[in-house]
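Novice: Here it is, the structure, as structure tokens.
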Amino acid sequence: MSDKLIAIVPAAGTGQRAQRPGSDQPPRPKQYRLLRGEPMLRHAVRALLADARVARVLVAVSPGDDMAEPALAGLPRVEVRPCGGPTRAQTVMAALREAAPGPHDWALVHDAARPGLSAQALARLIDTCLAHESGGLLALPVADTVKRAVEADRDSCLLTGGGGVAQAAGFVVQATLDREALWAAQTPQMFPALQLLQALEKAHAANRPITDEASAMELAGCRPRLVPGSVRNFKVTWPEDFELMEKWL
Ligand SMILES: Nc1ccn([C@@H]2O[C@H](COP(=O)(O)OP(=O)(O)OP(=O)(O)O)[C@@H](O)[C@H]2O)c(=O)n1
Ligand SMILES: C[C@](O)(CO)[C@H](O)COP(=O)(O)O
């Protein structure tokens with residue numbers, strides 16, 4: 001492959017949802033919590049390095065972050081950049097600018113919070129995108145029945161055997177969605193680097209909420225290819241996810 005494949009790892013989040021309510025532990029960002037004795041970020045970066053086609057890995061952290069360098073010590077082809085922004089999309093945008101890609105380079109964006117990426121799933125994505133010369137992402141067909149929720153209010157009552165009992169708080173079902181065509185997006189997501197940067201900049205300028213690279217490319221008129229990911233590549237998000245991920249690793 002003559003054109004470079006540059007991996008970008010957004011690692012500037014604070015992991016709010018991963019904190020246990022009322023926990024007396026210091027709020028260390030989740031990407032630095034240890035799994036099998038190593039920071040989650042190190043697992044995620046090593047997973048990318050497993051494919052020799054990945055030329056460099058740019059890890060985008062918050063300005064002033066002093067945990068990334070020690071967490072990644074000794075790993076080859078890794079550069080830490082303190083260019084993290086207020087949202088994931090802004091972090092990725094800044095990292096792409098720092099990478100200064102050439103016109104034919106590809107970007108492979110992977111969450112620091114997905115340390116369970118396998119070499120097989122990574123190779124599947126890279127092979128598919130290169131073979132079709134089109135962008136794509138790992139994803140899984142949705143397995144559960146999917147509900148659209150609305151906030152419960154005084155009008156939404158839950159009928160019990162004993163009569164009507166008002167459900168004062170929380171959420172209620174507004175509708176059940178057809179899951180036939182639904183896939184849950186994972187990372188890595190792989191796109192021509194300059195096209196991705198342009199798409200993210202355009203979405204940002206238009207104030208569109210962007211939670212993954214594919215959605216920016218979709219807004220730009222692209223149809224990213226869905227490549228089967230794996231259950232083990234889930235995003236560590238909630239307090240109980242750490243224990244589960246540690247078992248997989
Ligand atoms: N401003 C941000 C926000 C998120 N991320 C990164 O994007 C990935 C996926 O985001 P998520 O799992 O939502 O992480 P957090 O934003 O840290 O979590 P939370 O939303 O629970 O605070 C993580 O690797 C996270 O570090 C980032 O680089 N910059
Ligand atoms: C990119 C992503 O991991 C795909 O599922 C996800 O969209 C990130 O979203 P988050 O809300 O920032 O965790």
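Numbers here mean position along the shown chain, with the first residue as 1.
For all residues, glycine too, the Cβ spot is worked out from N, Cα and C.
Annotation source TrEMBL lists region 'Disordered' at 9-30. Taken from TrEMBL, the feature site 'Transition state stabilizer' applies to Arg17, Lys30. Residues or ranges marked as site 'Positions MEP for the nucleophilic attack' by TrEMBL: Arg179, Lys235.
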Novice: Which residues, sitting 6 or more apart from Lys235 (site 'Positions MEP for the nucleophilic attack') on the same chain, put a CB under 8 Å from its CB?
Specialist: Asp111, Ala113, Arg114, Gln186, Asp241
Novice: Does DSSP put Lys235 (site 'Positions MEP for the nucleophilic attack') in a helix, in a strand, or in coil?
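Specialist: Its secondary structure by DSSP: coil.
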Novice: By Cβ count within 10 Å, point out the most packed of the recorded sites listed: Arg17, Lys30, Arg179.
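Specialist: Of Arg17, Lys30, Arg179, the one with the most crowded Cβ is Lys30.
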Novice: I'm trying to understand the geometry here, so how far is the Cα atom of Arg17 (site 'Transition state stabilizer') from the Cα atom of Arg179 (site 'Positions MEP for the nucleophilic attack'), in Å to the nearest whole number?
Specialist: 26
Novice: Checking proximity to ligand 2 here: which recorded sites out of Arg17, Lys30, Arg179, Lys235 have their Cβ closer than 6 Å to it?
Specialist: Lys235
